[in-house]
Amino acid sequence: MQPVNPQRAERAERRTQRGQKNYREAYERELEYRRAVSRTPAPQNRSGQRSRSRQQESSLSAIIQQMRKKKKKEGTKYFDYDLLLVIIFLMCFGLIMLYSTSAYTAQVENGNDMFYFTKQAIIGAVGILIMLAVSKIDYHIYAAFHTEIFLVAMVLMALVKTPLGMELNGARRWIQLPGNMSFQPAEVTKIAVILFISYKLCEYGKKAYGIRGWLKIGAYGVVAAGGVFVLTDNLSTAIIVMAITVLLLFLVHPKTKRFVVFACVVLVLAVIVVVYLKIQISDMATSTDFRMRRIIAWLNPEANSDKDSYQFLQGLYAIGSGGFFGKGLGNSTQKLSAIPEAQNDMILTVICEELGVFGAILILCLFGFMLYRLMFIARNAPDLYGSLIAAGIFSHIALQVILNIAVVTGLIPTTGVTLPFISYGGTAVVFLLAEMGIALGISSKIELKD
């Protein structure tokens, strides 16, 4: 191994020191050059960064505020003014047609041609106020008291069998109130069933899909419908109550095959019953039961044209004589004592006579638009309970309109079902408007998004 030369080692160390010094000087020159080119002193770079940071924060804050505004706009509460307008329009149209239909009868019977018009106008005004008040109530409250509402409806119907009950036109269906006023508790049952069955379907959930769930829900409907029929002797309302129950169950059930089979069975049984009655009509001609006499009059109207079929046939004459555009508002002749109680369930016949088929189509379009709005509310309600309530109200209105049209056109026997919002009636109008208030209350909970 060769010894290290001290002089050579010293020279190498000096070269290393000079190289490091030159490197530091070159680095400092390069740094000064870059600062001169950018014309930004070193301390000011941090200030610029802070300024840019504040600008970025300001931009981010603006974006967040914009997003919040957009979110607030997307969550804007909704209120179905279209439904409200069509309700008011139907009520006003109903008042006009009610006066035209009942003026002659009111003058003869009460000495005042505006007797029915005035009463209906007052009832309608009160009903609209009730509707607006009910629309402010959170519909979830009904879920908390669904059992109590159902029981109250049953108790009110039971009162018809007490001395408080009142008989009108041969039927004991009303409760006498002070001030010569009456109250029909079966109308309360329609709303009670909608609220009660809707809650039970939400409570059972998927259990309602099975046979046991069917039987439980169906049992509630049978109890309500049976109560209406037994306590108030009102078959048409009992059918509507049971139909509402079945339709609500149909809406929540994922399979429709059972309902199709059920509907086919009911239809076949109805045909068999009609054929049997047609064959046995001669043996039942002396029946004293008013329902049986209505069926006989429907099956053979010409043979009973001066008795049980009189109202039905006069209604058909009114519809036929109106033509497409009608005789003109107020020009009906059949309403002059030819059609008994024309202002009630037969008011559509007078509308057809005075406004023609065109007027009837207009009415159907208005009801169609109302049902469309109820369907919209049912589809966009914030929860299942709200959807089912709106669907129940939809079913009720649709059933009444269909049954009334079927009666006046002779498709089914006379039932006494009125045309919603147009026919004369006290309790029926008030509770129909209360139902609309519930629907409007559900619509106010809808949040529309762009």
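The backbone N, Cα and C atoms fix where each Cβ goes, glycine too.
Annotated features in TrEMBL:
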- 1-60: region 'Disordered' (REGION)
- 8-35: compositional bias 'Basic and acidic residues' (COMPBIAS)
- 44-60: compositional bias 'Low complexity' (COMPBIAS)
- 78-99: transmembrane segment (TRANSMEM)
- 114-134: transmembrane segment (TRANSMEM)
- 141-161: transmembrane segment (TRANSMEM)
- 181-201: transmembrane segment (TRANSMEM)
- 213-229: transmembrane segment (TRANSMEM)
- 235-252: transmembrane segment (TRANSMEM)
- 259-279: transmembrane segment (TRANSMEM)
- 355-372: transmembrane segment (TRANSMEM)
- 384-409: transmembrane segment (TRANSMEM)
- 421-442: transmembrane segment (TRANSMEM)
Long-range neighbours of the transmembrane segment (421-442), counting only residues six or more past its ends (CB under 8 A): 79-80, 83-84, 87, 90-91, 93-94, 97-98, 102, 116, 119-120, 123-124, 126-128, 130-139, 142, 181-184, 187-188, 190-191, 194, 343-345, 347-348, 351, 363, 374, 377, 381, 386, 389-390, 393, 396-397, 404
Contact between the transmembrane segment (78-99) and the transmembrane segment (355-372) (at least 3 Cβ pairs under 8 Å, separation 6+): yes
Maximum Cβ pairs under 8 Å to the transmembrane segment (384-409) - stretch from the list 114-134, 181-201, 259-279, 355-372: 181-201
